[in-house]
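Per TrEMBL, the feature signal peptide maps to 1-23. As annotated by TrEMBL, domain 'Cytochrome c' applies to 48-211. The heme c binding site annotation in TrEMBL covers Cys61, Cys64, His65, Met195. Look at TrEMBL and you will find 239-258 tagged as transmembrane segment.
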Amino acid sequence: MMMTRIFAAALAAVGLSATAALAVEGDAHAPENYAWEFEGPFGTFDRNAVQRGYQVYQEVCASCHSMNLMRFRNLGQKGGPFESEEYPNPNDNPIVMQIAAGYQVEDGPNDDGDMFMRDGLPSDAFPAPFENEQQARASNGGAYPPDLSLIVKARSGGADYIRSLLLGYEEAPEDSHLSPGQYYNAYFAGGAIAMAPPLVDDIISYDDGTTASMEQMAEDVVTFLTWAGDPHMEERKQMGVMVLMYLFIFAVLVYLAYRQVWRNVKH
Ligand code: HEC
C-alpha cells in the first residue's frame, strides 16, 4: 500500500515537471516543418543553395555572428560549397584563395617582434565580428549573438526552427513587453528577441542571379549552416546505403547456402 502511494506520488511529480517544461516551451510557436533537400536517408545538400547560403552568411549574418569552427579551406573541401575536382586540395582552390584574400588577418610577430596585417589564406579561420563576448554584447544591447558553427545542432527544431525564426518577425501583440532594442518573434522562446529582423527582400544580390527574396535567403543560409554543422552528412548517408546493399547481398547468399546444405534432408 505504502509502496503504491510512493509510486503514485513519484509518477505525479514526473507528470508535473513534464507539464511545467511544456509550459515554458509552449511559449514559442512550433517551427514550421519545411521539406529540405538534405532530409531523409538519401537527402543531399543542394550545392548552389550552400554557395548562396555562404553569401548570405558573409554579407548579412557575419557582421554580428562568428563561425569560430570554420576555416576558409573548409569551403573547398569534399562536400563543401566550392568543392572542385580540379583542386582536391582546397588550399589550391582559386575561389577559396580569393575569398580568403578578401580579408586582412593579423599575423606575427615578425623578426622585430611586431604583429602585422596580411591577406587572408585558406588556412585562416573565418574572422569574428567582435574581439570578445563583452564587446559583442555591448554592440547588441546586452544580448550575445551566438556562434553559428553548430547552431543547427544546438537548437531543438534545428533547420526548421532557424528558418522559422528568420521569417517569423511580426507586429508585437498588445500584451507583449518589449524593451528597447527588442523585436517580437513568435518562434523565439519568450517572444522578445534582441536580433533585429536580419533579412529583407533583396538585401543582397546573389552572385548566381537568383532573386534574393526573404524565403530564398532563409532557405539558403539555413542550408549552409546545416552543412557547416555536419559537413560529412553526405558521405555518412552513402556509407549507410552501401552497408544496406552489402547486408542484402549477404542475406541472399546465406539463403542460397541454407538451401544447398539442407537439399537432401526430408522435412
Ligand atoms: C545586427 C546584428 C545581427 C545580425 C546581422 C544577425 N543577428 Fe542573429 N542574433 C543577433 C543577436 C543579438 C542575437 C541574440 C538574440 C537574443 O538572445 O535575444 C541573435 C540570435 C540569433 C540566433 C539564435 C536564436 C536562439 O534561438 O537563441 C540565430 C539562429 C541567429 N541569430 C541567426 C542569424 C542569421 C542566420 C543571421 C543572418 C541571416 C543573423 N542571425 C544576423 C544579432 C544579429
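Backbone N, Cα and C define each Cβ position, glycine as well.
TrEMBL entries are annotated by machine, without manual review.
In the structure shown, the C-beta of His65 has more C-beta neighbours within 10 angstroms than that of any other entry among the binding-site residues Cys64, His65. Each residue in the domain 'Cytochrome c' (48-211) has a pLDDT score, and their mean in this model is 96. Shown in sequence order, Val60, Ala62, Ser63, Pro145, Leu148, Pro198 are the same-chain residues outside Cys61, Cys64, His65, Met195 whose Cβ sits within 8 Å of the Cβ centre of the heme c site. Other Cβ atoms within 10 Å of the Cβ of Met195 (heme c binding site), summed over all protein chains shown, number 20. The Cβ of Cys61 (heme c binding site) lies under 8 Å from the Cβ of Leu148, Pro198, Val221, each on the same chain and at least six residues away in sequence.
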